[in-house]
Amino acid sequence: MADSSAQGTHTQATAPTKSYILSCHCQKNIVELTLPLPIPAPDHGTPFTDNGVCDCSHCLKRRVVWFFAPPGSVKVLKGGAADGSLKPYRFGTKSWDNMSCSECGTFLPGASADSKGPIPINLRAIRNPDFDLWQLPLKQYSGADRDPPYEPPQIPAGAEAYLAERAKHYQYETKVYVGGCHCKAVTFAVLHKPLEEVELVDCACSICTGNGVLWAYPGRHDVFFHPSASSSKPWQPDPSLVTRYTFGKGTNEHVVCNQCFCQIFEARELLDQEDGEGWEEDNGNPGTFGINIALYNDITEYLVESKTGLLKGLLKLTDARDMEPVYQVKV
């Protein structure tokens, strides 16, 4: 493993610098970012003093944390845009390639050594063990009013009736939320307690931090995908539209859109293939199925107004960074 703790180095003739390793989760794409360290050092101890979150449709769904690095500060160590290891996604005016790994879904812009201007960096992709994304100051960028306006997903046909039947299983208030990946190849409606009452999970493990997901845990059968795998299994999306990525112990599948690379949900292996699995699960509590609420329509008030993604009842799983096997980048 490279020295991703990246100790600062300097001589009498140069300012101290520090290097950061960024990668997609599957490590097909790895870059090194080297920046001068500010003097005096800020409280968070990093050179990332001008960072932001954007309220445009794409940035919200990916929960991107932006930093614009100076030209010449990025070195591609493996993969990158040039050799096709990153795949582009365009939307709106289609004037910019949003580069992501097609296998694990990590959004990794700036993985190009030929940029002549500021290099866009998604700080979520930094893998240094001593880097704490949640300690950074953030400002808000406004991109929601750019033309053409983004049209959010509509509730899939048949979802209202299906979820109305599902709601009868619960003795408490439930609400239907509609969402989808950014390109809308996969859309969904999901039933659970109102968001204000749900304990959402902002997990600090390597995949969840890097892919910007924010989890709610409804019953597995309380979601209706369009298009679905079949009419009898609306809780499973059409398998031709998604990639299922596993790592580590292989117990969780992380399901990513094949076109825009948004991570849609995670699921553990079904304990029971019959209809009973998930039906009695208490909505809002961790279970075998998690859905990414960053993909919900009208989520701006939750993800932007607080700027750090804090919601009522949010659980930050900071200990997840140390789960075995500990994630390491191999350069």
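Yeah, the Cβs are placed from backbone N, Cα and C, and that goes for glycine too.
Listed features, source TrEMBL:
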type	residues	note
DOMAIN	20-142	domain 'CENP-V/GFA'
DOMAIN	177-324	domain 'CENP-V/GFA'
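Secondary structure by DSSP for the domain 'CENP-V/GFA' (20-142): 12 helix, 40 strand, 71 coil. Over the domain 'CENP-V/GFA' (177-324) the predicted model carries a mean pLDDT of 81.
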